[in-house]
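Peer 1: One structure is given below, represented as structure tokens, and several questions about it will come after.
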Amino acid sequence: MKNILLIHTGGTISMKIQAETGAVIPIENNPITLEGEKLKEYANIKEIEAFNLPSPHITPKEMLLLKQLIDRSIQDDHIDGVVITHGTDTLEETAYFLDLTVDTSIPIVLTGAMRSSNEVGSDGLYNLLSAVKVASSDDAKDKGVLVVLNDEIHTAENVTKTHASNVNTFQSPQYGPIGFISKSIVHFHHSPNYRTVFPIQSIAKRVALFKVYAGMEPDLLADCVELGYDGIVLEGLGQGNVPPSILPIIEEIIKKDIQIVLVSRCFNGIAQDVYGYAGGGKSLKKAGVIFAQGLNGQKARLALLIALNHSNKTKAMENIFSI
Ligand SMILES: NC(=O)C[C@H](N)C(=O)O
């Protein structure tokens, strides 16, 4: 049997619904930690409760703590795979942060639940068991950080939460899942592309994220300069365009050596320099805007944050954003 490090961080998988109020809340005796026994016939489990936070409370600080915990554990113990339970709201962000920063070939799998532990049809234990099966699979090695829920295996880079409450919420809109779990097998039908890792030791920089919209005015972007942000991610329109009203402030910000990364606010597709009108992709490229390759806004924000905090910022920028 494989040795699996199981790290709990909180989220609905660790919550209960209160009969009196109907509110779903974190509880002190984390119910998912009590399920460890049931996993013992599948793997040797070493269980740690890193924190018990709803995932909207998770920040890059906790993500970095998790990275450091995994680095230490991999060095010290004989571990074949890591499973992390996490709230689903920001699960994709922690998964992508770890994907970009943890240098290992062993499987790292994040999972969570859409229904709390005492709700009818609770999906927590089932998803946890699936994640343990994937982390124990030799085929899961060298695939980067994976996300497993509802019988599907996704890459951290592509997966996103697409539905507020459905158990089938996690989807990879660009490329689909890379594998599935059924009663007796874990099967990968695709392999992710080569990835590079950018270990960072601290997070000192700040990156803001804006969704671009029709008639957007330049003042909020100008405020970012005043507030001392080091980078900005814009979720642009369509293939990567913005209203002409914000082009001058974008040019001004880049001249001040603040990086601006552009993604598309569309659910699918990538931002490109196609259009030649004011605010079109070509004018943005000319101004020095960096086009992210198909990442969504929240992941491009983490990628920029990691690049800016890396000891070789220029090289990290080049590698992460292929510039
Ligand atoms: N399903 C969930 O886990 C959602 C919860 N609000 C969380 O992210 O902590």
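Including glycine, each Cβ sits where the backbone N, Cα and C put it.
Feature annotation from TrEMBL assigns active site to T12, T88. Residues annotated as domain 'L-asparaginase N-terminal' in TrEMBL: 3-192. Feature annotation from TrEMBL assigns domain 'Asparaginase/glutaminase C-terminal' to 206-321.
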Peer 1: What counts of helix, strand and coil residues does DSSP assign across the domain 'Asparaginase/glutaminase C-terminal' (206-321)?
Peer 2: 49 helix, 21 strand, 46 coil
Peer 1: Determine, to the nearest whole angstrom, how far the Cα atom of T12 (active site) is from the Cα atom of T88 (active site).
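Peer 2: T12 (active site) and T88 (active site) have their Cα atoms 8 Å apart.
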Peer 1: Would you count the other C-beta atoms found within 10 angstroms of the C-beta of T88 (active site) for me?
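Peer 2: Taking all protein chains shown, T88 (active site) has 24 Cβ neighbours within 10 Å.
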